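Asker: The structure under discussion is supplied below as structure tokens; questions concerning it will follow.
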Amino acid sequence: VGFKAGVKDYKLTYYTPEYETKDTDILAAFRVTPQPGVPPEEAGAAVAAESSTGTWTTVWTDGLTSLDRYKGRCYHIEPVAGEESQXIAYVAYPLDLFEEGSVTNMFTSIVGNVFGFKALRALRLEDLRIPPAYSKTFQGPPHGIQVERDKLNKYGRPLLGCTIKPKLGLSAKNYGRAVYECLRGGLDFTKDDENVNSQPFMRWRDRFLFCAEAIYKAQAETGEIKGHYLNATAGTCEEMIKRAVFARELGVPIVMHDYLTGGFTANTTLAHYCRDNGLLLHIHRAMHAVIDRQKNHGMHFRVLAKALRMSGGDHIHAGTVVGKLEGEREITLGFVDLLRDDFIEKDRSRGIYFTQDWVSLPGVLPVASGGIHVWHMPALTEIFGDDSVLQFGGGTLGHPWGNAPGAVANRVALEACVQARNEGRDLAREGNEIIREASKWSPELAAACEVWKEIKFEFEAMDTL
């Protein structure tokens, strides 16, 4: 009983247009740009093969297992409108190919090898459908949106944050001072920048201590619960957990992690620690644009966002739609819903390729951050709704009178927008008017309005359908 050695087309084994997808399959939508002369079926089948059981030639050991049970299958290919050389290849992966509770393993399988494949000019993972059978093997966010609101006792409005700038170079004492001023002025949170870890000018332990002091002082004076995202990201998992432990000992409510540079294994480790110890977890997406910005190669951010919800985080940066960083409105709202909601219908107009049912996995608060200021407040309130965190770094610290008045201006603008919305006014149409009215009785807001009245970041978004 020999076996038929040699090389055969992938599509003979891995292109199965008659396949009915199972409820337990992980489904992927790839944007495939094959090399000239490679038919789309072969390219799609090659992706399915190389990201599951296949290799470039038939091997004797194939006979020792059931390929039909374990192989990925390219089950549908559709052309991309307006792109002659591209196709969307849909691939179904049997659940048994993946280790339970490991985003790391999921990505190693699905995107680990196949992106360097010679038969393809480019490849982009546009979306993943995670079946409940797989998502139930993950803890997910340490707490989720409702528990966070209960812990912070803040309801019926977006939360306000501010990244402390200059991001590098402040001493711990001065850093803590800036934190105190912002929280005292009316913000809910302040934030370590993503690259503030533990550098010579400010070691992590000193920063944690001075920030904790600032939090307690601001809480005592305002009667509100305050937080500062203490960045626990470090060079090793052990060091990261050590920092999280210290944050817990200080009694602060929230820590932070850079999940892409830190890696999914570290992130899931930290998320488990945070749930076990009552810490909220803020996630920064530093490095995401390296992966998601090219239209025809890499991975769309909605995939990274889904992966984060599985790995665990209570907040994640998700673009602004209006500020200085990337984000097209409908597409952004698509993955914002994927982060917050339990059940999201397939909607290609928003870039959502599959219906996603998260069952009981807690939701994540999207964070809008980057180049936003008081004039954006009505748009942000309208676009993101209550379940979001609006972060004004320069838009707080750049206030001509200083940090605390900058915080006051943002809080007044937010409360004015929320009140106007609750009274039934149209934020999209009357936004500027609402801000102007509020600035009449808030000199801090009036000063902020004056400084930023002309600022715009008008560039075409790259992230289009």
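Glycine too: its Cβ is placed from the backbone N, Cα and C atoms.
Quick paste from Swiss-Prot:
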type	residues	note
MOD_RES	Lys4	N6,N6,N6-trimethyllysine
BINDING	Asn113, Thr163, Lys167, Arg285, His317, Ser369	substrate binding site
ACT_SITE	Lys165	active site, proton acceptor
MOD_RES	Lys191	N6-carboxylysine
BINDING	Lys191, Asp193, Glu194	Mg(2+) binding site
ACT_SITE	His284	active site, proton acceptor
SITE	Lys324	site 'Transition state stabilizer'
Asker: Tell me the Cα distance separating Lys165 (active site, proton acceptor) from Lys191 (N6-carboxylysine), rounded to the nearest angstrom.
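Answerer: Given the Cα positions, Lys191 (N6-carboxylysine) is 9 Å from Lys165 (active site, proton acceptor).
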Asker: Measuring C-alpha to C-alpha, could you say which of the binding-site residues Asn113, Thr163, His317 are within 10 Å of His284 (active site, proton acceptor)?
Answerer: His317
Asker: Rounded to a whole angstrom, what is the largest C-alpha distance between any two of the residues Asn113, Thr163, Lys167, Arg285, His317, Ser369 that the record assigns to substrate?
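Answerer: The two farthest binding residues have Cα atoms 37 Å apart.
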Asker: Provide, as an integer number of angstrom, the distance between the C-alpha atoms of Lys165 (active site, proton acceptor) and Asp193 (Mg(2+) binding site).
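Answerer: The separation of the Cα atoms works out to 8 Å.
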Asker: Relative to the Cα of Arg285 (substrate binding site), which of the recorded positions Lys4, Asp193, Glu194 have a Cα no more than 10 Å away?
Answerer: Glu194
Asker: Within 10 Å of the Cβ of Lys191 (N6-carboxylysine), how many other Cβ atoms are there?
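Answerer: The Cβ of Lys191 (N6-carboxylysine) has 29 Cβ neighbours within 10 Å.
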Asker: Give me the CA-CA distance between Lys167 (substrate binding site) and Asp193 (Mg(2+) binding site), in Å, as a whole number.
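Answerer: Pair distance, Cα basis, whole Å: 6 Å.
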Asker: For the recorded Mg(2+) site, whose residues are Lys191, Asp193, Glu194, find every other residue on that chain with a C-beta no more than 8 angstroms from the centre of their C-beta atoms, and list them by sequence position.
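Answerer: Along the chain, the qualifying residues are Thr163, Ile164, Lys167, Asp192, Asn195, Val196, Tyr229, Asn231, Met256, His284.
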